[in-house]
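Please read the structure below before turning to the comments.
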Amino acid sequence: MSIKYLMLLFAAMIIRSLADSGNAIETTSPEITNATTDIPAIRLCGPEGDGYCLHGDCIHARDIDGMYCRCSHGYTGIRCQHVVLVDYQRSGKPDTTTSYIPSLGIVLVLVGIIITCCLLSVYMFTRRTKLPIQDMVVLYFL
């Protein structure tokens, strides 16, 4: 991993934690003492950020100077300029190799049960009739 990617990841984690915390800043003035004013942790850039992010929203963080991009789904990069390849995205479609494996297992178990039942019926028939298996094979093919 490159250092730029690590820095971007760290900045995104800081921005996300600031957005989730919603801290208030204490201010004092001659008229009002210890009042709290809510300043949003993240706000949109406004007109100065138009066109900065190619596929996403331009944002300002309260504790970090500069503009940052919140990328739309399917895009990544500092300015959301890179398309995420389909191979790396998690898609809702199941993988074709894993979707038929349970069906194949059930079919194999059923075939095994059918073969076992056939062998048991042949065995019971030979015990009941006291015919050797060679004679029974001749009877089946006549």
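Every residue gets a Cβ built from N, Cα and C, even glycine.
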Report task. If you have Swiss-Prot open, could you say which of CYS58, CYS71 makes the disulfide with CYS80? Result -> CYS71
**Report entry** Residues satisfying Cβ distance under 8 Å from CYS71 (disulfide bond), sequence separation of at least 6
**Finding:** CYS53, HIS55, GLY56, GLY77, CYS80
Report summary line: Per DSSP (three-state), CYS80 (disulfide bond) is coil
